[in-house]
Each structure stands twice: as structure tokens, then as C-alpha cells.
């Protein structure tokens, strides 16, 4: 009988540990972090199809998004679909597209992450040489592969409340595991 008690106690300890670990994982996943997979080429070559990232869901509760952050957002057209885009314009800024370049408050936006020779073309929301002031609590987002990206040039600025989180590190493929710049 003593052996039965020891085995029973051992298995209960294991079950408690597994339950506790699972509870921690669920709380962290639902409230603090989640994963995101790149599907498509809208930010190629910065982000490649099939890469996977950990997304920080809490930092924007305390700090505002910064230009250059890669964010996961709910699609403005279909809230069941998530987009991965780069923050280009911040609230209160004036954005303009002119001759294939992006201007913020009249100054050329340096975009070293774009492939050489890539041009930023206007779309249905923001036309060539049109100034647009980004409203408070909104962001202007774009993919790095501008010719292959549905983004704020097409559907307008996104609300900050539509942001799910920002990329913090890559976990797939394993040979590229590490912090995301």
C-alpha cells in the first residue's frame, strides 16, 4: 500500500506541474505574447514567406509605436485576417508620396530596408503628391515590398487599437533564431 501512495503522490505532483506550466503558457500566450508567421511577400526581402516571429502584445500598452517597428494588425477590411507591416507614419505627421519616395512632414524618409530601385507608388487612398495628416491614434503602415503590398496607401491609416503587437524575435527558421532589429 505504501508503494501505491508513493506512486499516486508522484503522479499527482507531475500532473500539478504540467497543469501549472500549461496555465502559465496560456496566460503568457493570450495576454503577453503570440507567434506570427509571414505569409506572402509583402515585406520581402526583410521578411520572407514562412518565417515565424514572437510578437510582444503588451509593450504598446505602455509605449507608443515607433517608426520602423514591424507590427501585426487586424486587417481593416477583414478583422479575421492579420497583416504584418512596418510603421511608416505616426499620429500628427503629414505623409506624402512623390516621385516614388515617401516624405514625412516635408522631409524625405530614409528607407534603407527597401530593395535598391524600389519605388513607392501611390494607391487608391493616397495619391501622388497628396498630403495626408495622420489622425491621432492612427498609424500609416506599409510593406517593404511596395509593389506587392496592400497597406495604408490603399486602405488608409490604421487605428492603434487594431495593433496586436510588435515583432521582437525570430524563432523560425532555427538557423536565424534571434532578436528582431
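The chain as shown is numbered from 1 upward.
Positions of Cβ are set from backbone N, Cα and C atoms, glycine also.
TrEMBL annotations: computationally assigned, not manually curated.
Residues annotated as transmembrane segment in TrEMBL: 12-32.
Summarised as a single figure, the pLDDT of the domain 'Peptidase S26' (13-172) averages 91. Under the heading domain 'Peptidase S26', TrEMBL lists 13-172.
The secondary structure of residue 42 (active site), as reduced to three states from DSSP, is coil rather than helix or strand. The active site feature in TrEMBL is assigned to 42 (among others).
Taken from TrEMBL, the feature active site applies to 85 (among others). In the structure as shown, the Cβ atom of residue 85 (active site) sits within 10 Å of 24 other Cβ atoms.
All protein chains shown were included, and the count of other CB atoms within 10 Å of the CB of residue 42 (active site) stands at 22.
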